[in-house]
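According to Swiss-Prot, the ATP binding site annotation covers 150-207, on the basis of sequence analysis. Positions annotated as Mg(2+) binding site by Swiss-Prot, on the basis of sequence analysis: E281, N283. According to Swiss-Prot, the domain 'ATP-grasp' annotation covers 124-310, on the basis of sequence analysis.
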Amino acid sequence: MIKLGIVMDPISSINIKKDSSFAMMLEAQRRGWEIHYMEMNDLHLDQGIAIADTKVVQLKEDPNGWYEFTSEQTIELAELDAVLMRKDPPFDTEYIYATYILERAEEQGTLIVNKPQSLRDCNEKLFTAWFPELTPTTIVTRKAEKIKAFRQEHGDIILKPLDGMGGASIFRVKENDPNVSVIIETLTNHGQNYAMAQTFVPDISNGDKRILVVDGEPMPYCLARIPAKGETRGNLAAGGSGEPRPLSETDLKIANAVAPTLKEKGLIFVGLDVIGDKLTEINVTSPTCIREIEAAFDISITGKLMDAIERRLQAQA
């Protein structure tokens with residue numbers, strides 16, 4: 001029997017209709033795996049050995065009570081076959097410390113999804129810089145004058161911090177926006193922080209598509225997040241609405257261009273954000289949208305993920 005750990009935000013406060021981590025655990029349970037639940041404060045190092053206080057959890061698809069802990073124990077993380085790192089951003093120093101603890105278990109043979117080093121290496125906004133031919137025209141800088149020159153050149157641009165999630169602090173700045181200086185000051189913290197500027201992709205009105213890639217294989221369906229009226233952000237957290245749809249040829253082309261690099265880096269479960277024919281983000285920390293896609297189409301994305309984990313465990317054995 002496979003022992004699967006999961007590090008996540010408190011299970012008591014998830015929305016089971018939308019939560020991808022819950023979907024993953026349900027699939028693991030269906031396979032008879034033993035699921036060890038952890039939060040960040042359950043991870044420790046003791047003389048270089050990764051230790052975890054875990055709770056074995058049973059799940060049911062019931063909005064009145066979706067989980068029950070059946071036992072609690074302190075174990076070496078390496079006793080688990082695999083661990084899903086599903087803690088939501090912020091990607092802060094605490095998150096980074098947790099990846100080091102997970103890496104110690106990885107060195108003893110535990111499969112960590114996604115690979116700790118790659119979680120540190122692949123910032124969700126910046127990692128797209130490795131695929132410039134697929135992205136909107138982009139600069140990353142702290143300097144206000146560079147951002148202003150970029151806007152001068154391109155007219156309609158998007159400004160965003162490198163560490164936001166759910167559409168937080170994303171600004172659209174048009175040609176004669178009187179607020180441009182204060183937006184730049186806010187985002188760069190008066191030149192102390194890097195910010196990203198990108199050309200605006202008008203196709204956002206048709207949705208910001210979330211494409212899931214499992215162990216190098218793009219899933220054939222995506223969730224298009226349509227911005228609320230008058231909004232430029234499709235994120236569900238910013239009031240967008242989700243519309244599951246099959247991948248277009250362009251979507252598939254973009255996903256196939258990125259997928260081999262993801263697989264090679266041990267990024268087994270990744271969410272690509274695509275607007276029109278442009279890649280805007282590569283989400284590696286805890287991508288979501290499984291539930292919405294699985295509800296609309298005859299596909300088990302979680303099944304494919306657990307198959308990939310089984311394959312990798314067999315290859316390691």
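Using N, Cα and C of the backbone, Cβ positions are placed for all residues, glycine too.
Overlay of Swiss-Prot feature records on the structure.
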residue: F150; record: ATP binding site; CB count, 10 Å: 19
residue: I158; record: ATP binding site; CB count, 10 Å: 21
residue: G166; record: ATP binding site; CB count, 10 Å: 13
residue: K174; record: ATP binding site; CB count, 10 Å: 11
residue: V182; record: ATP binding site; CB count, 10 Å: 9
residue: H190; record: ATP binding site; CB count, 10 Å: 10
residue: Q198; record: ATP binding site; CB count, 10 Å: 23
residue: N206; record: ATP binding site; CB count, 10 Å: 15
residue: E281; record: Mg(2+) binding site; CB count, 10 Å: 21
residue: N283; record: Mg(2+) binding site; CB count, 10 Å: 22
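The average per-residue pLDDT of the prediction over the domain 'ATP-grasp' (124-310) is 95, rounded to a whole number. DSSP classifies Q198 (ATP binding site) as strand under the three-state reduction. Spacing of Q198 (ATP binding site) relative to N283 (Mg(2+) binding site) is 17 Å (Cα to Cα, whole number).
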